[in-house]
Amino acid sequence: MPPALQDATSGLLAESNFQALLQSFTMIIFSEIGDKTFLIAAILAMRHPRLVVFAGAFGSLVVMSMLSAAMGHLLPTLIPRRWTQVAASILFLVFGVKMLLEAKAMKAGNDKIKEEMKEAQEEIEEDEAEHERDIPLEEMEAGQSPTIRTSSRPPSKEKTSFKEGARNFCSLLLGPVFVQAFVLTFLGEWGDRSQIATIALGAAHNVYLVTVGTVVGHGMCTALAVIGGRYVSTKISVKHVTFGGSVLFIIFGLIYLYEAYMMGTDTEMSIPIAPGAVP
């Protein structure tokens, strides 16, 4: 390969790598700040040790990022890469327009985030009520003598299910606060807009770079939520964040649409012509 062509190829590769990192990072920042999982981490950090809450929430988001990027990485093996680019562009454009309409419908101020905060608070309280135990694991963790609680409710089948048993086992190993932060974050993030967008990015770019970009973005958002999430949530405008995210998603959609078009053009230009064929 000539040196000039090799330099051009390496330059395009570096630009593509930077684009994957930047898009995955900025997508997470605009999607997660003020989101329900952000507020769940903020509320839990006010009740429990911040480091434990951060470890549980961030660990959940790392697992989610790896799964989502891997799912996106498998798509080009099932359908042509050009069509994955088209699908990614449509996905980002739809999300962008939807976020733009949501931003226009929102009122100025922080009424929306108060509503999200209330929903997050209710989810935490429901989870704590559902998984309340006769022997409090928090006291066992702290080295205190556990206070035995009696319950008038008959034992249900749910308490003896495999899921409940697995959660109790993990709570004994990792701590109930860690498990609660992990489970609530994972359930809140599953099927969320950021997860679907991560799948689209994993289909369009290097899966490892997309994973790194999303993990770094999630780490920064989770740290912000744990350290001062309640204060930050009262100062930011969800309307403005949503509007900024909509513009970002629309730009991503147009980029992928252009890349899909260029892939089609390159394919047509690279079709070989047999010797002696009539033009």
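Placed from the backbone N, Cα and C atoms, the Cβ positions cover glycine too.
Per TrEMBL, these features apply:
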| type | residues | note |
| --- | --- | --- |
| COMPBIAS | 145-154 | compositional bias 'Low complexity' |
| REGION | 118-161 | region 'Disordered' |
| TRANSMEM | 20-44 | transmembrane segment |
| TRANSMEM | 51-71 | transmembrane segment |
| TRANSMEM | 83-101 | transmembrane segment |
| TRANSMEM | 169-187 | transmembrane segment |
| TRANSMEM | 207-228 | transmembrane segment |
| TRANSMEM | 240-258 | transmembrane segment |
Selection from 83-101, 207-228, 240-258, the stretch that has most Cβ pairs under 8 A to the transmembrane segment (51-71): 207-228
Same-chain residues at least 6 beyond the ends of the transmembrane segment (240-258) whose Cβ lies under 8 Å from its Cβ atoms: 23, 26-27, 30-31, 33-34, 85-86, 88-100, 102-103, 106, 197, 204
